[in-house]
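The following features are taken from TrEMBL:
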TRANSMEM  12-33  transmembrane segment
TRANSMEM  95-117  transmembrane segment
TRANSMEM  138-161  transmembrane segment
TRANSMEM  173-196  transmembrane segment
TRANSMEM  203-221  transmembrane segment
TRANSMEM  241-258  transmembrane segment
TRANSMEM  270-291  transmembrane segment
TRANSMEM  303-327  transmembrane segment
TRANSMEM  339-356  transmembrane segment
Amino acid sequence: MQRNVPVWPQIIYGLMMLIPICILLWIIFRYAINLPYWDDYLVQEHLLNLKTGSLRQKAGHLFDQHWEHRIVWTRIIFAAYTKITGSLNYYNLPFIGFAGLLTLLGILVAVFRLLRLPPGYFLPVPFMLFTLQSHENLIWGMASIQNFWILAFAAGAFYLIAQNSLTGRLLALGMGVMATFTSGNGALVLIAGLLVLAYQKQWRFMGVWALVTLGCLAGYFTNYQRITFFPSPFNYPFIDWIKAFFVFLGAFADPYPYSGSAALGYENPLWLTMLLGAIVVGSAFFFVLRYRYTWLANEQTPLLTFCLGCLLFLLATTTITVYSRVGFAGPAYMLQGRYKIYSPFALSVVYLLWIHTVRTHMLRPIGLISALVIVQSLLSDYLCLEGIINQHRRTVAEYFNYIVNTPAERQLAIQQVFRSTEQPFFMPEVPVLSNKHLLEAPVTSQLDTFAEQRFMYNMTKDNAVNPTVDLPTDGSYLLFKSPHHTYLFPARPVRPAPAAISGFDSYFTKDHFYGQVLKEKLAPGQYRIGILTNQNHQLRLAMTNRSVIFTSL
């Protein structure tokens, strides 16, 4: 039975649970911008296919492959938004994605209510789910919709199956289908659902579910083009695959925004993420073994059924993500911001199982867990603000590259689905910044260091201008100028120290930057490098004596 809890503690716990949600909402309000970012350009370009052709052709285009995904849900949202408002708005789209994260939390609240425990027991869950560790998803339109809603669909499907009713199973099947065409791991919801139905001994409905699953898989892989240019996972030994598996599930233990070559001045605590991941996996197997009698005795409960489905989905997702992504940069690549939501989801499921098991007999450990989670969550928010600011700057710089290097007639066509309401700082100077005369401009500045790697150029400079928390687009940018193309890349401001708690006024150092330019963003050619400074609403361009020749990756 639920214990009688005074009203005021419940209100206090409720307000505390709102803290991480409000932090993320404020971040989106503050740093989202009505400009596309990265794959947003591909999605909005694809929307033009929905402007012509028959209804059947338009429906078919919704299922077109996007890398290794079928992103029907994302395209529906983008198309519906365009139809209703007349233009995409990349400031508002992340809020639609964020609604998926709120939906996931709502489902976990519903599961927690089955335990009939005081609300304070639920406190760690929102602090795990709502952190800036997911900074890549928060202000990126398509990523927020894809990566948050896939978890909402998965959790929703297993919650509905757990109701053990025909209506619930039919609705769950619909969510499983939606998940399949939301992200590359979505079909795992249907596959895990089959095992959950077996756990419930719903043998007849398993046949229906299996037929729908086979149909979805057939549709998913019809005309599927395998991505052949991604690095092979066999570039790394099998032991790194195992490490990556645990890193993916334990990523919540890493408070930093970047990993690998993007981690400046620090090393991610891989051992700690692997330890936490091992705890997640060990706990999952422990609970499966502990509650196996419920299957034998036909005593399945909604909570156990829900958690079983979620754990099966998460373990399978981890496996395919490791196989498809470990080749990029080894185990540390699993710490990408767009993947980090999976670790807190897994931890939340394990935590619900744990408090279901111990009930009210271990209040002190639960208090300790809550304290550790809250500290880690808030520390991550502070450190990963760097990732939000850098992504805001990349979004602005990418728009420069788009308007300078995209043919005018193509830009005119895109205006059917997107018309920017932003006026980035560089707009009045675009003709000057893209002028060929810059190739002959005198040298007025120099880079302090420059190094070429396989996939990028790295450079640093002292006595430079950096952004602030309040003025994220201020600071230094790297201009790459060739006879035919001009590209702008934001320099990365440097933190006083990797984990420095230096407040917000001194969040970045004032006079040193680090530049990372991905070669994949460049067209082949010879480029001269300049430094563009934006400060106090004034632009200053200084050309260096550094040139690079890029041919191909």
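Cβ coordinates are placed from backbone N, Cα and C, and glycine is handled just like the others.
Sequence-remote contacts of a segment are chain residues at least 6 beyond its ends whose Cβ falls under 8 Å from one of its Cβ atoms, and for the transmembrane segment (203-221) they are 63, 70, 166, 169, 173, 176-177, 180-181, 187, 190-191, 193-194, 197.
With pairs at least 6 apart in sequence, the transmembrane segment (339-356) and the transmembrane segment (95-117) have 3 or more Cβ pairs within the 8 Å limit; the two touch. Counting residues 6+ beyond its ends, the transmembrane segment (270-291) has Cβ neighbours under 8 Å at 243, 245-254, 304, 307-308, 311, 315, 331-332, 335, 343, 346-347, 350, 353-354, 357 in the same chain. Among the recorded stretches 12-33, 241-258, 303-327, the one sharing the largest number of Cβ pairs closer than 8 Å with the transmembrane segment (173-196) is 303-327. Counting residues 6+ beyond its ends, the transmembrane segment (241-258) has Cβ neighbours under 8 Å at 128, 131-133, 135, 233, 264, 266, 268-270, 272-281, 314, 318-319, 321-323, 325-326, 330-335, 337, 339-340, 342-344, 346-347, 376, 379-380, 383-384, 386-387, 390, 498-499 in the same chain.
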